[in-house]
Amino acid sequence: MSADICCDIPNASETQSSQKTAMGSKFEKSPFRWKVATLVLFLVCVALAVTLIVVLCSGVSTGQHDGHGQPCAAGYIVEPVDPTRPGPFSDLSLEEIDSVRNYMLAQDSLQLTPWEHAEISDNYIYAIETHLPAKDDVLRFLDGGGPAPERLAKVTVYAGQRTPPVVEEYIVGPVTNPSRHTVYTLRGRKFPIPFHSRVPDSKENNLVEGRLREVSETAYRVLKESFDTWYHNCTDRCLTFIDTAPRGFRSGQRKTWWYAMRNLQGMTLNPVGFMVEVNTEGANTSQWRTERVFYNGQLFDSVHELVSDYNQGTVEKVTLPMPKDDNTLFSSFRRRGPPQPPTPLRAPEQFEPDGRRYKVRGRHVEYMGWSFDWRLSTTHGPQLLDIKMNGERVVYELSLQEIGAFYSGHDPLMLSTFFLDTGWNMGSSHFELVPGVDCPNTASYLDVLHQKDSARPRQYKNAVCVFELNTGIPLRRHYESDFQGGYLFYGGMVDNVLVVRTISTVFNYDYVLDFIFHQNGVLEVRTSLTGYVMSTFYTQAEAPYGYKMWQSAIGNAHHHVINLKVDMDVGGIENRYETVDFVQTNITNPLYPELYHIHTKAQRNPKTTEREAILHYNFDRPKYYNFYNQEKSNSYGIKKGYRIQINAPTKELVPRGWGPMRGAAWADYQMAVTRRKESEPASSSLYNQNDPYDPVVDFDRFLDDDENIVDQDLVAWVTMGTHHVPHAEDAPVTATAGNQLSLFLRPFHFFDEDPSMASSNGVLITYDKDSHEVDVDRFGTPYGSNCLPREAVFAYNGTWPETED
């Protein structure tokens, strides 16, 4: 039956063909009808075009997007720094740096040689940066209408010509037309600064490279047969050397272990087990020399001893073939593995329908009640200053002080590695950020200048970014159920925040430093760790310190620590510090007197001296850390305060006072609270790295006088950290996920209620049971968008050149 029916259905192609033929013959017989049809079709097309234009111009939704197709507004403008109108916290301008440098070079008594002509045995300028004015002078200007503080510069001089050679620091001013300079000394700070504790500069490293080339030439056979790479005349089969620190195991030494790695992408994951000790003590470079050598777990007094023993066959040799394919190199960033997603697809992005909602005027930023200034210190990195919420100062200074990484191991590399990153140019290692990866495409980018280890200042383009971020989570929300299948109301608000971000890349590690401003008065500091692990060559002696990873490397256990300065000014400079302790109590149950009841209560515990305020975190005694003003209260009579919440407390396992720990004494405390002093501006220094045994800044001295801290200008020194045992998934680099350290400053009765209630970005939904109507109140904020996202423009250079004369 079905077959018969099927046979009765005409072939589709035959039917279409017959229809076309019939129609064609009809029109062929009537040319007039063909012309009429053409005219009608033309008029229809014109009408459709006119209609489309009207729709686009009227803004009526077409179903594709809501709007007329114009790009979204730019919003508030980002004004560049005006060097003619600096603020009290502004970094030095190019003109000011030039003015200070020229003044210093003109002082015959200092006997300075221009950097470009200087040698180690000369006196020359290493760095020039802003010297912040005294806090009293700044507040007198900001709050009392006093004069603007004089702008000053700090100049660091490597004085190799002095007897003995030393490092000198000078304060120079005024920076626009300098007329005086004074030696920079601080009470309690080591003076003079020893020459051996200086940060190595390019002059020193260039000389050391010459010594290492000599080692490579002498040990050429050893290197070629063992690693198929060498250091001198190596073309495409190159070793490279990197130094570690401290530079010795006792104060006064400057003996640095340089370790060899293959010069491949991700060099620190490609060690070869060859290390050289270089002695650079003193300013007479003719006496600098290579000393001991380490090869495949064996120590030799000199490279000549290694070569002699190697040729005689008394050395335990190693053979480490050169990787053949860079495309599959485990340490590279080249894509490998099954593609995800299978077809390349763009990831979600955010855009700003009304443009930027924050203001940037030079180094001053405003956002949703927040305001602050920022700078990028050449020594320490990012500093935020004069932080206010709704016009009230909360913090005078929030700044990075130091980043440490303390390694463990057996070979000279790991025995020597106790990194303090101010000694590795942490402050000036903030390079250009990549749009769409390091920061969202909507971010604003800001440039900085650094004068360090060069003849001219260097410009670091796009080193800081500022952006508003939809965090994808409610800042606050509640669904009020009626418990009968419906609800009474819903209220909520997205946690939109402002982020100030910079990334410090101190050779192998990258630290993503975020200052995050929430609209409820919470300020978050978050550090995300990424970058390459510092690995070493795998031997059995190294095995107890980590796991073998990759071809011939081991990722040794280490401890990351970060220290921050928080100068609290809650309702003024006179603050108090207390802990609010959660205390266990055992009471008679008032409802059933024959029973007892155990619960907790909040007990205020004021701290009166610096040592009493030291925090060693104890899980058995949870508490809040609150800074408050005794003279300022909210509407309920509670003292206005801000509390510090440390989400990444860490404990240093190395005994306090052992060896290099003196140079990082702050790491022994999760938090210390001291009276603010101009003589204690920072918990560390440029020089602690290279002599931590007798450091220029010993943080314990801040606490030794155990001063009263009641109704004083207080500073919290906060340490965060994490212990890290590298694993296979840390290749090629450690990921930020799971490696984020955070600190929160949270209002504690500072306001009468959540200040984000003033935001028009909240949503209130109510439901009428009788009419079944839902009312959505967005407080005047439009829903959706009537514009197209602004087109993202990708541009990246990545260099940091010297500025021109």
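Note: Cβ is positioned from N, Cα and C throughout, glycine not excepted.
All TrEMBL annotations are machine predictions without curation.
The active site, proton acceptor feature in TrEMBL is assigned to Asp421. Within the same chain, residues at least 6 positions away in sequence whose Cβ sits under 8 Å from that of Asp421 (active site, proton acceptor) are Glu402, Ile403, Gly404, Ala405, Ser504, Val506, Gln689.
Annotated active site, schiff-base intermediate with substrate per TrEMBL: Tyr509, in sequence order. Within the same chain, the residues at least 6 positions away from Tyr509 (active site, schiff-base intermediate with substrate) whose Cβ sits under 8 Å from its Cβ are Ala405, Leu529, Thr530, Gly531, Tyr532, Met534, listed in sequence order.
Marked as domain 'Copper amine oxidase N2-terminal' by TrEMBL: 95-178.
DSSP labels the residues of the domain 'DUF1965' (267-318) in these numbers: 16 helix, 19 strand, 17 coil. The domain 'DUF1965' annotation in TrEMBL covers 267-318.
Per TrEMBL, the feature domain 'Copper amine oxidase catalytic' maps to 349-757. The average pLDDT the prediction assigns to the domain 'Copper amine oxidase catalytic' (349-757) is 97.
For Tyr509, the entry in TrEMBL reads 2',4',5'-topaquinone. In the three-state DSSP assignment, the secondary structure recorded for Tyr509 (active site, schiff-base intermediate with substrate) is strand.
Look at TrEMBL and you will find 36-56 tagged as transmembrane segment.
Here the domain 'Copper amine oxidase N2-terminal' (95-178) has, by DSSP, the following mix of helix, strand and coil residues: 25 helix, 26 strand, 33 coil. According to DSSP, Asp421 (active site, proton acceptor) sits within a helical segment.
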